[in-house]
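J.: This is the structure, below, for whatever I ask next.
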Amino acid sequence: MLNSTTITGFILLGFSDIPSLQHLFFSVFLVTYIVTLAGDLLIVVLTLADPALHTPMYFFLRNLSLLEMCYTSVNVPKMLGNLFSGDKAISFIGCAMQTYFSFFLGGSECFLLASMAYDRYVAICKPLHYPVVMNRKVSTGLAAGSWLSGLLMSFGHTSMVFTLPFCRSHEINHFFCDIPPLLKLACGDTSHNEMAVFIMAFFFVIFPFMLILMSYGRRKSFSTCSSHLVVVTLFYGSACIMYLKPNSSHSPDTDKFLSLFYTVITPMLNPIIYILRNKEVKGAFWRIVWRRRFH
């Protein structure tokens, strides 16, 4: 059961230490959020509407776009509301839900990106076996497993954190309810929680990232390879630094900066790369435009 007897809510300090930039932050984050939602929605529509994109690769891409639409919507609207209104309060239950869905969707994305890399590896390195290896059952299983792994991991971590007694302060020096800043507010022993976060980061961040790096060595013909590798490195690299270092060494300003990469920046860059750098997606877009124009 969640411990709501000691504290009933929190204050998300966010970027309140630099008040002169609040309006700039609001404008920038609003634009990135709109671009992210529009780009991901376009990918979902294109991959559903164009039969040429009914392949495992674009099935995974559609899952990634749906996931990132949800992922950015967990934290960014609340952050925008805090910047716009100045009301930084969040309820205890609201904070727990934000933590749960952040880790659920973030963890799912880690394994979904690895599944996408495996799909491309098989397509390029073993093209004759690709239809058999990556059949509908396998691709659906990999996508479902990615979603399920994030769901189970997040439930365990959220339960462990929000059953701790929070009695030091109710101010979270972050723009969302992340686990490291929450552990700083707990007055009980958090060593087991810190170890659990470390283990989680190894299996959900380092392990999938290593699989992706191994697969990229044989993906020279993949049109989005170099640019997408940069985005993937930003996503996994910032998450590694954030969740693998000891809780005592966390700097609030550094943590907020790193968190922006995997909560705001990479979700915006992914649809841009897949739309602008992928010939098949661009071709599907123009085919739909021409069909609507002449019918």
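Yeah, the Cβs are placed from backbone N, Cα and C, and that goes for glycine too.
Unlike curated records, TrEMBL annotations are generated automatically.
Sharing the features that TrEMBL gives for it:
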{"type": "DOMAIN", "residues": "39-216", "note": "domain 'G-protein coupled receptors family 1 profile'"}
{"type": "TRANSMEM", "residues": "24-48", "note": "transmembrane segment"}
{"type": "TRANSMEM", "residues": "60-80", "note": "transmembrane segment"}
{"type": "TRANSMEM", "residues": "100-118", "note": "transmembrane segment"}
{"type": "TRANSMEM", "residues": "138-156", "note": "transmembrane segment"}
{"type": "TRANSMEM", "residues": "195-216", "note": "transmembrane segment"}
{"type": "TRANSMEM", "residues": "228-245", "note": "transmembrane segment"}
{"type": "TRANSMEM", "residues": "257-276", "note": "transmembrane segment"}
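Walk me through the surroundings of each of these features.
T.: Listed by sequence, the residues of this chain that lie at least six past the ends of the transmembrane segment (100-118) yet keep a Cβ under 8 A from its Cβ atoms are 57, 60-61, 63-64, 67-68, 70-71, 74-75, 139, 142-143, 145-147, 149-151, 153-155, 157-158, 176-179, 200, 204-205, 208-209, 211-212, 215-216, 232, 235-236, 239, 262-263.
Within its own chain, the transmembrane segment (138-156) has Cβ neighbours under 8 Å at 56, 59-60, 63, 67, 99-112, 115, 118-119, 196, 200, 204, counting only residues six or more beyond its boundaries.
Non-local neighbours of the transmembrane segment (195-216) in the same chain are 107, 110-111, 113-114, 117-118, 120-121, 149-150, 153, 156-157, 160, 179-180, 225, 229, 232, 236, 239-240, 243-244, 247; each lies 6+ residues outside the stretch with a CB under 8 Å from one of its CB atoms.
Counting residues 6+ beyond its ends, the transmembrane segment (228-245) has Cβ neighbours under 8 Å at 106, 109-110, 113, 179-180, 197-198, 200-202, 205-206, 208-209, 212, 216, 222, 255, 258-259, 261-262, 265-266, 269-270, 273-274, 277 in the same chain.
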J.: Mind checking which residues reach the transmembrane segment (257-276)? Cβ under 8 Å, same chain, six or more beyond either end.
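T.: Hits for the transmembrane segment (257-276): 29, 32-33, 35-36, 39-40, 42-43, 61, 64-65, 68, 71-72, 75-76, 102, 106, 174-176, 178, 224, 227-228, 231, 234-235, 237-239, 241-242, 282, 285.
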